[in-house]
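Novice: Sharing the features that TrEMBL gives for it:
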DOMAIN    A:20-444  domain 'DUF112'
TRANSMEM  A:45-71  transmembrane segment
TRANSMEM  A:111-134  transmembrane segment
TRANSMEM  A:140-162  transmembrane segment
TRANSMEM  A:169-186  transmembrane segment
TRANSMEM  A:206-225  transmembrane segment
TRANSMEM  A:262-284  transmembrane segment
TRANSMEM  A:324-348  transmembrane segment
TRANSMEM  A:360-384  transmembrane segment
TRANSMEM  A:390-412  transmembrane segment
TRANSMEM  A:419-447  transmembrane segment
TRANSMEM  A:467-489  transmembrane segment
Amino acid sequence: MEFLSSLGVGFDAALTFSNLGIALIGAFLGTMMGALPGLGPANGVAILIPIAFSIGLGPLPSLILMTSVYYGAMYGGRISSILLNIPGDEPAMMTCLDGYPMARKGMAGEALSLSGIASFIGAIFATIGLALLAPQLVKIALLFGPAEYFALFTIAFATLGGISSTNQAKAAFAAAVGLAIAMIGVDTQTGVQRFTFGEVHLFDGIDFLIAIVGLFALSEVFIFLEHRGSGDHKEQGITSIGRVLAPWSMIRSCIPTFGRSTVIGFLAGVLPGAGASLGSFLSYSVEKQIVDPTGKTFGKGDPRGVAAPEVGNNAAAGGALVPMLALGVPGSGTTAVLLAVLLSLNITPGPLLFSQNPDVVWGLIAALFIANVMLLILNIPLVGLFSRVLLVPVHILMPLVAMVSFVGIYGISGSSFDLILMVIFGVVGWLFRKLDIPLVPVILGILLGNEMEVNLRRAMTLSDGDWLTLVGSPLSITLWALAIIGFVAPMIFGRKVKRAIAEESDEIAVGD
Amino acid sequence: MSDRIMGGIGLALAAFYIWAATIIPESFMADVVGPATFPIIIGVIIAICSVWFILRPDPDPVWPSLNRLAEIGFAIAVCLLYAILLPKLGFLICTALAAGYMSWRLGGTPVGAVLTGIGLSVGIWVVFKLVLGLSLAVGPLGI
């Protein structure tokens, strides 16, 4: 099989002693970041990009580090869900529903190890799915011309608000703001300055790393400052863990769950605008419908209710990498940040990546497998250690986050200007969060803005200024239709989905 | 109301942006679309969304109380000061001060905050400068 030989090349490149060390560090850091409430996968990867960049890691080691952190955070999110009933990150929300009741019954250790195994299974199968599906998608993508690419970027923005978005105007606004920021600097086509107003620091444009770290990491610090003193959740203490391995009978009873949830999660990840949160939500709801339609055991500590969302969110994390790698268009927040990793390494994802840099693609996929195995090995015995991380007080954690953000950004250019810019992004991030304006489209706009404009202008040059060229082929018409559906559907179903998720999570409080 | 204010700001930004796009200088390498068209489209989208915010605002978020806002304001000021003073005072001093301040404001005891500030500053310096070889701002102490 061609896929196995490609994968062999990837493993050849990835399996060195130093790469394994980096994967171990990444997996460890990622699990901690995922476990800490308030530091999700996007934040974690965002803080680390400039640092990996500044210390001069090569492309493959950087990718290995970031993907280990990414998968690690997906693993880590469950720890605080189960022990504290507080999701470590958004996708881990559904794990609270049955994980916390299990912990209350004195089965915290079982729940943790079962969800660790569930994470592993979801992620491994999704990675296999990624390796099989991405090359197929590439074949379609090779048919794309500039007009189709322009439409594809539009799809990315139109769907990014997600199916649970209730206000599409805000998602569109965020995307436009990101695009507007991307326009700052030298115009690549004509060489003229745009929106720089003579400020030298702006000539090269605004580095997306500054925006990402400011919007995600620094704004989190402001959020914590705002909520200090109200609802400090560390008081209730940590449930003791007990045994660290789930009994085989419990694992065996979950095997059908693993299968169903992997498929659902992976598909949710591949689809634009769905992502890990929806993956875990769908997996949980479907599982509940199938094995426990009357609601006898689910929500009261059913192991299958722990396994389903964990498989689902990890499978979705793998699935979300498919469009990101094959098309260069990420389907979720964290993959947008991973796209930033690739771009900062001068690697442009998309169909050409598979033909021009197969070593990077397959090295990355191999890295995902390695990260997963590392994570399973780390997570089962060390879960006690990771749960200690939850005890780190906010007044040490948040200054650390802020300071490491500053260090990373300073490392890129060594200028005060960039640091000030980052603070401004932090403030804007805080304001946007308060107003419920999503941040991910802003990032994606900054990342993809120039590429999107270049494709528009290339298409227009080819057609000699005829705007109808944008809808000039069946393929591009299909893409536009998808973009419109993706943008309009949440207006119709958004409230419904959001309410459904809210209802499920309300049961946490009720069943408590 | 908050959404309406945001819409107003958005409209002003969009107008400014579109104006700034129209003064982009001509280039001898002009293409069919030119450097201003796409930015103007973006400006129009921002404007449309802003009008939408004004017409159909969401319910107000819960804004923090005034002293909480001041708290965030001070934190922002500290971050800005940090950004400006970093090249002059160097990494160790600036970071100890800024981290200490944040730690204090996030609920640490004064003594604990001082220790956190110094500990974080030295810790980050050791990890990033000594172990990873990152270049950090050098201060008057020469480190």
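Backbone N, Cα and C define each Cβ position, glycine as well.
TrEMBL does not curate its annotations; it predicts them automatically.
Note that the structure is a prediction, hence the values are computed from the model and not measured.
Each of these features: where is it, how hidden is it, and who are its neighbours?
Specialist: Residues 157, 160-162, 192-196, 202-206, 211, 432, 435-450, 452-453, 487 of the same chain lie 6 or more positions beyond the ends of the transmembrane segment (A:169-186) yet place their CB under 8 Å from a CB of it.
Long-range contacts of the transmembrane segment (A:206-225) within its own chain (CB-CB distance under 8 A, at least 6 residues past either end) are made by residues 38-39, 42-43, 46-47, 49-50, 53, 181, 184-185, 337, 340, 343-344, 394, 398-399, 401-402, 405, 408-409, 412-413, 418, 421-430, 432-433, 439, 442-443, 446-447.
When Cβ-Cβ distances below 8 Å are used as the criterion, the transmembrane segment (A:324-348) is approached by residues 40-42, 45-46, 49, 52-53, 59, 62-63, 66-67, 70, 73, 130, 134-135, 137-138, 141, 152-153, 155-156, 159-160, 208-209, 212, 216, 269-276, 317, 354, 357, 360-361, 364, 439-440, 443-444, 447-448, 451 of the same chain, each at least six residues removed from its ends.
Residues 6-7, 9-11, 13-15, 19-20, 23-24, 26-28, 30-31, 59-60, 63-64, 67-68, 71-72, 75, 79, 109, 112-113, 116-117, 119-120, 123-124, 127, 130-131, 134, 241, 244-245, 318, 321, 325, 347, 353-354 of the same chain sit 6 or more residues outside the transmembrane segment (A:360-384) yet have a Cβ under 8 Å from a Cβ within it.
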